[in-house]
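Trainee: Take a look at the following structure, please.
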């Protein structure tokens, strides 16, 4: 009898444990799915989410050599890094501006990509919201550095054309390649993205066009109250307004409207179980900050030689400066965005692709352009928002075309192909476009 009672007692205890475990799991599931928990997670957007705190405990402890191997030696594109020092060497040994410009351009390409990588690593420690802002900011740091160096040397048209080309490249080439590659991978269905965010972004781009359009129209209609000064004053005032609008946009996205990041957070938490190793950072937070500083300094150094060789390269290659500034420079500066947007689209994360491509265009048009006007104002340079008639018309038509492609909230490879072909038309237009002289304007 005792032998029979012992197994029965053990079985009863096991059943009690199983029942308690099931009840515990159901209670835990109900708690995590409660509206209060969802509301608290929304309030924590931009700070450290619970999933992030768990990943942050896995901070890697790399030595200097290990960090160097991860950042520098792990990417095949870094084989182009020696072209940078070679460009500097040629600068002191020869006067061939064409080769100096080409080698500087090639040398900056892997640096722009590594800047994007270091930013993504730093974003692992800041959360998705702040991380998205960091990606957009450091993704455009190459164009900003080149623009500031060009402002110092008085090459205002190079600044205008480079920033314009970066906007066109992001909206047409980067977004087009993302739509095209994502459409090929998911050819049996239409990929979907947040239509509401796309409409807001299109409105901001149209506001940027308006900021550039009025100084241009004022100039070409010869309707200035004070000839030569009203256009510059309007540009500076509009730039300040655009900076305020961009700050309000950031506040709206980060604080008042966190729902746009909710889907990203939920999707990330769902993917963590299947790809937890891919989500873990490869370098520590301070390593990422140090590498960002080193890469930014190296980009700044090469940008000085690049800007110095632009005019000589234009004469040597018999290519218009407008084509070099609008097409060649932005392709190098947008290397990180290009790769990231395509990667996200091929993973069916189109909202992230739009955040990279359109978000970068918004930051350049609403922040970088007016910021350069204000910096030029401080330097005493007459940097204005009059981008000339041809360039302003090109930007206006591009924004309208992209807005039409985004209005449905869906994408496929055909839409991507159309955007790429539009960019080829823009590139051909600037190849045959001669920038007007100041006397002829």
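Cβ coordinates come from backbone N, Cα and C, glycine included.
In TrEMBL, annotation is done automatically, which means it is predicted and not curated.
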Trainee: Of the ranges 4-29, 30-55, which one does TrEMBL list as region 'Disordered'?
Mentor: 30-55
Trainee: Same chain, outside the transmembrane segment (163-186) by at least 6, Cβ under 8 Å from its Cβ: which residues?
Mentor: 140, 143, 147, 205, 325-327, 329-331, 333-334, 337-338, 341-342, 344-346, 348, 350, 353-354, 356-358, 360-361, 364-365, 368-369, 372, 387, 391, 394-395, 398-399, 402, 411-420, 422-423, 426
Trainee: Is it true that the transmembrane segment (233-252) and the transmembrane segment (77-93) have 3 or more Cβ pairs under 8 Å, skipping pairs fewer than 6 apart in sequence?
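Mentor: Between the transmembrane segment (233-252) and the transmembrane segment (77-93), contact is absent.
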